[in-house]
């Protein structure tokens, strides 16, 4: 067994060990050499030798707050802010823990005018005046200091206050005095001093597991459920018994009356459950609570409210409502009396025709129906209806008329009925809050919500066209002013609502069970948060604990100070269950705990010293002595029988532990701890073995220089005593490294052939916490202490520390890694002396990262595209200032004129290109004439007589100056060619992309022109483009096609042919696109025609989708981009009659040989409406292919109704269908298709789906036939088939 397990069993704690032991109040930092005692108790904060308690409730005046702090014991007082570091600690805590930004009293006060000091420790504020919030007026009565948050300065600081206001406060006590507040019984539990055989039967007072909750009895459902059941449940041993109480006011005080089921049979108490049968509204409504009791004491539950739900009847008499057109209107519901809340539903004309909400209409949570403005469409009958929120009971209100009358003007925007509103009006912490905002006015307004001084709470939702803001599960931090802004096209208005949130008391510090030695002192503290502030009271065994209920002896020993209960010299008579009761207007909460008085002689029977313990020479070791005893015993330590004194290397801590620091060889031996109190003593023994401390025998060099991207391995191995297990951890700049163990574990499994060890190591690693990570991850090398850093980056530089750890000691060694890499980003980039295309760029070099800078790259971007463009690459810069290292480079003819340029610079060394610098401030270049021509010059189209010229307007980066415009040139080049270009200057039209020139439409239609373009700006002209050929707009064709004819293709299509027109310019007047075929049925008018476009110059076309056996008229016309030419003469033709309408049936398939089948079928008889048959087609295709790939086998009329299909591939699956065809086209195909597979010389099988159950096999209907060649002459076939008629 490894020593890790051995030492953990021994509970020997070493300062270098990776453990934190709570049972003896010793904290061990795994990376520190010293051992420190536990500092502050629970619910106190620690900082630099002091303990701090931030008390939120109840708020107190400064005098009361100081008295409360002093009640904690000697040296305790309001916090003294004595230095900047302490001020920083306090403000950080308040920033993180007080979202309500409240005020907190401190010990600061004004001793003399202008001189401030701390009343607690007397320290002066001479060097702390900057902690006070600035710009405070000097008011004489404001002579105390409290922490407050300044919204204007966005910081916490000290505010001058008068001390009379009830505020929160901060208490401070030196750590040296914590004995008065440390509760020794926290270490003890209910099993302390007892030997428990059954863990379920540990003696314990009652503790509530389940508090009762409010109940509402629905009177409307009494016939279904006629009882009420409420439950409280407590744990404890012996099991608690329960009593229920009804609360009532008597003589202006709350009195509790026990419920006795024997006196009233309507009541039943079973366990912690109270059942009230046939509840009576008057007698039974009110508050109830339960008590749980066993031999150790009694506790009281929280009170619950028992209520009765009802909804009364509407007043059925209601007058009509009148509204003015385009003015807002609120219609009140006038609901019946009810409890609890109801939901409102408005109906129109009849129920349940509910009013639908829209941007103009809304039903508010207050029950009213609101119109931002009414219109004539709102005339009608309306009714308000309600439904209980706890049952399905609803009531219908009377219908009444809303009459909308015209009004000469419209209503200006204004908020309706004190909106915005909050529902509920006084929300409680944890509830959902609904904020509504409705405004009257025309046009209908839009809405939005904001929060004054901050963002909306997280999770807030906007509903009902932004009129409603939902705040889910509100917290006190959600308090503030919420602003609704309503606006339409004419005006905007806003109003706010101050949201305040109440909170039922909830404990931030709960009571803890106390296990106190007889005659010891007890201090109990609880703390609760509530809005309004809470008041505290105490109960003992469910009875009030106050000066009136205390005995004379208890009055001398008991001290009650709000949330603190002190008992001096506890006695057995004090044993009980105590409750701290926190109350405000919303209710009462309880925190309970048991007080147990102990008289126990020391005993080591549960936690003896371990028989074997280990320490490392030169390190430290803590030997735990933790007997059960009450009162706390005195400890005596012996080594080899000799008493050990407290001092030097050996220290006996307050809790009895022995610390040896440093450990030497002479500390080896037998140790005993004797614990003694007034009731007796006990001794425990153990052996301490001193081992040799670990030492490194392989370590990394003091400094490692590497290049970015390299893979490096740091080696670290230490000699460890063979008795001990060891482990290694690495830290980078003080942070623990997370290691990827993949390679190490693979190597470990390979070397040891033991995958169990690898999985165990992985499991252990998953339980640890790491803070230094990278990608790709740090890797463990092939040996345990090695660290591999793959693809090292600049951020990986720094100090690496290897820590070798054993259960008794740890040692460490460091190395520094210096990473050389590409240069860092230059800084201070600026551009000066910019002309239209030139400029000088200046910068200061960044970090060279170990290698000299060889060259630079410069990029720029403008406001036009925001895209970085390289304007200088691999350049050498000039050093212009040796004092600050300023570099400079002249850019020539690379910048865009009239642009706002930003520059960035990149340095390059032998290891690569570095990061680019941050962009420089923008610098403007001067304007210049255009340098380029517009792109994509072309044109054409338009109406006849147009010469349309188009181009791409120049983008901003190419305009080079303001005032961009264009100059165009054109001339005819073929027909009546011109020698000179005509021109036009488009100065007034700016940066356009098209211009139309009028030409003679009769003569110069579809005429070739040459065009050129030139860009101009305010500085001057740019270059002229090369000529581009375009054509003027086309005219419509002037000639019609001739010799138009048509013939039937099948039952639903016609072939149309014609004599094409001669392709001359005069005939086509443009470029021929194709022909349009116009057709219509003879029985229809020509106006009902359909046009088919036949693109291209082919003189024929196919019309499809026609009706069988029907005459059609046909015309043809040519068309170009200008339109269609004249129509041809019409031609009449009839489509064929229908193709075969019935499919062949009784299809049979027979195998002939492995590549041939024979197919037979029953023929088809055509009807008079069908064309005569020509024959049959057998379509065969591979089953994994599409039907369009089928091969056809033809059988014509007059031939036998069979066919042989040859050349089929053995082993392949095929599909087969048969159909008849005629001049009308292909008929219906046989169905379903046959599927078969060609076999080898032994097997051939086929199938066609069917429905007979006796032919189902593996969910497929099979037709199987076998082909076997028994002899060259004899052939035997077997066929099993099925055909489904459809």
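Backbone N, Cα and C define each Cβ position, glycine as well.
Per TrEMBL, the feature domain 'C-type lectin' maps to 47-156. Annotation source TrEMBL lists domain 'Ig-like' at 206-307, 323-386, 420-500, 505-596, 602-684, 694-812. Positions annotated as domain 'Fibronectin type-III' by TrEMBL: 825-928, 933-1035, 1040-1140, 1143-1241. Here TrEMBL flags 1-19 as signal peptide.
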Answer with yes or no whether the domain 'Fibronectin type-III' (933-1035) touches the domain 'Ig-like' (602-684) by the criterion of at least three Cβ pairs under 8 A, sequence separation 6 or more.
no
Give me the mean pLDDT over the domain 'Ig-like' (694-812), rounded to a whole number.
76
For the domain 'Fibronectin type-III' (933-1035), how many residues does DSSP put in helix, in strand and in coil?
7 helix, 41 strand, 55 coil
Which stretch from 47-156, 420-500, 505-596 shares the most C-beta pairs under 8 Å with the domain 'Ig-like' (206-307)?
505-596
By DSSP, how many residues in the domain 'Fibronectin type-III' (1040-1140) are helix, how many strand, and how many coil?
7 helix, 51 strand, 43 coil
Which range out of 47-156, 323-386, 933-1035 gives the domain 'Ig-like' (505-596) the most CB pairs under 8 Å?
47-156
